[in-house]
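Chemist: Please find one structure pasted underneath; my questions will follow.
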Amino acid sequence: MVDNRPIATYVSQNIKNILGYDPDKFLGKMDYFWKKLIHPEDIDNIKIVGQIGEEIINEYRVKDRRGEYHWIYSQHKIMENDECGLEAIGSFWDITERKQAEEQQRMIDKIDTTALMAGGIAHDFNNILTICKGNVSLAKFYLKSLGDKPLKTIKLLEDAEQSFDQAGYLTHQLLTLSKGDSPVLKATSLKNLLTESVYFALRGSKVDCQWEIEENLYPVEVDEGQINQVINNLVINAIQSMPEGGTLTVRAQNITFHGQNPKIPLEKGAYVKVSFADQGCGISDEVIEKIFDPYFSTKKHGRGLGLATSFSIINKHGGYITVDSKEGVGTTFHIYLRASTKKMVKEESNIPKEIYNSMQTNKKVLIMDDKDKVRRVFYELLTSMGFDVTCTRNGEEAVNIYKQANKSFDIVFLDLTVPGGMGGKETIKKLKAMDPSVTAIAASGYSEDPIHLNYSDYGFAAAITKPFSMAELHKVLHSVIC
C-alpha cells in the first residue's frame, strides 16, 4: 500500500487466460486500470484494506478484453510489511459459470413459486368460465329458437363467448407455468410449425417476416401446442417493440454442441437453434437481467407472463432460451431444442360441424363434478339436447349411483380434479371394474393434463376441456354416440 492506495507488485500469467490482458497491465497503481474494468455497480462493494491478519473475500464483475463481464471470486489476506506497511497476498477465480447456473436456478425457483399459485388459480378460473360460457351458450340456443327478433342479443352473447375464449387462453398460460401442464412430446417438423405459428401471430400487424430456414432441418420432439405458445409470445413481443412496423427475421439452423458452454448449459448432441430478431428499440442491460422473471414487463400495460411462460416451456423441453439486445438496434431471442431421431407422424383433422339443435335422444347421462354451478350448467345443456341427466358431487357418490341404477347410464362425465374427494382417474377404475363397457368422458380445466390428452389409456372414451360451449359439448357427445 502506498498513500493508502493499492499497488500491484505481482500478477500471475493466468490473468491472461481469464481476461485476455497481459499481467504487466495490472502492475503499478491498480485504480488506474483495474477499476476501469470493474462493473460500476460493484465498485463500492469491494473491500480491499482491512485489519492485519484479516482474510477478505469479494465477488464482483470484471470486463475482459472483448468487453464481456466475468464474475470473479477474490480472496486475500492483509499482512504487515516492513517496507510499505501493509501488503495483501491472495488469489482470484473465474466463477462466471457458477453464477450463471445460480441465476438460472433463481429464475426456475421464481417460476416454481408462481406455479404453485398458477395451477390452483387456473383450475378454479376454468370452473367459473365453464359456468359463464355454458350459460351464455344456452341462452343463445334458446334465443335462436325464437326466430329473427333477438338477433342483437345473440350478437352480444357471441361477443361474450369470444371473451371467454380469451380468458381461457390466459388460464392456459398459467397452466403452462404450473407443473400440471407437462409437455406431451411428439416428433415434429419445426419448419412447418414455425411457418404456421408466425404467420398467424403476425396477422393484422405492420410487421413483415424475413425467413432464413436451413434446408433439411432436424425434426424436434416437442409439445406442438406449447411451442406454438412460445412462438406466439416471441412474435407478439417483436410486434410490440416495433409499433410503427419493421421486419422480424426468423432463423432456424441445425447445430451441434461438442462440450459444455458456460453461457448455454446444454448436454452434448444435435440441436435446432431458432432465432427471432426484431428491429425494435432494444433492451437495456439492467432490464435484460429480469426479462424472464414472472410478471416483469417493459410494457406499460403488459402482464409479464409471456416471456416467463416461454422460459418455463423451453426448460421443460430440456432446451434453453437466451436473449441478446442492444438499445436502439433491436432484440434477438434464441431457442435451442434437442433434435429428435423419431419419425414424424402426420395427423388428419376431423372436426365435426357445430350443431345446436337437440339430439333427440333419451339416453341417460351421469355427471360428476364438485362444483354445484358447473353441475347445473351440465344439466341445463344436456337436458336441452334431450338427455336424461343425473348429477353427483364426487367419485364415491358416482360409483354408488351407477351401481344402484344397475349400470343403466349410457354416458358418464367425470371431473378429473375433485378436492377432498375421489376424482375421475380413481372413479373410472371402479366403474370399469363394475362395468367394462361403461362410456366415460373426462372433463378438466387442465387442457394438457396427461390423462386428458391420453384419455383412452385411462379407460375414457373421450375428453372435454373446461370452459366449453354447447357446440363443443355436442361435438364430444357426437363422437361417443355416433
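Cβ from N, Cα, C; glycine included.
Computed from a predicted structure; not experimentally measured.
What TrEMBL lists as domain 'PAS' is 1-47. What TrEMBL records for 56-107 is domain 'PAC'. According to TrEMBL, the domain 'Histidine kinase' annotation covers 120-341. The domain 'Response regulatory' annotation in TrEMBL covers 364-481. For Asp415, the entry in TrEMBL reads 4-aspartylphosphate.
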Chemist: Please work out the number of neighbouring Cβ atoms within 10 Å of the Cβ of Asp415 (4-aspartylphosphate), leaving out its own Cβ.
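Modeler: There are 27 of them.
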Chemist: Taking DSSP states H, G and I as helix and E and B as strand, how many residues of the domain 'PAC' (56-107) are helix, strand and coil?
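Modeler: Split by secondary structure, the domain 'PAC' (56-107) comes out as 12 helix, 31 strand, 9 coil.
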Chemist: Could you put numbers on the helix, strand and coil content of the domain 'Response regulatory' (364-481), residue by residue per DSSP?
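Modeler: Within the domain 'Response regulatory' (364-481) the tally stands at 54 helix, 24 strand, 40 coil.
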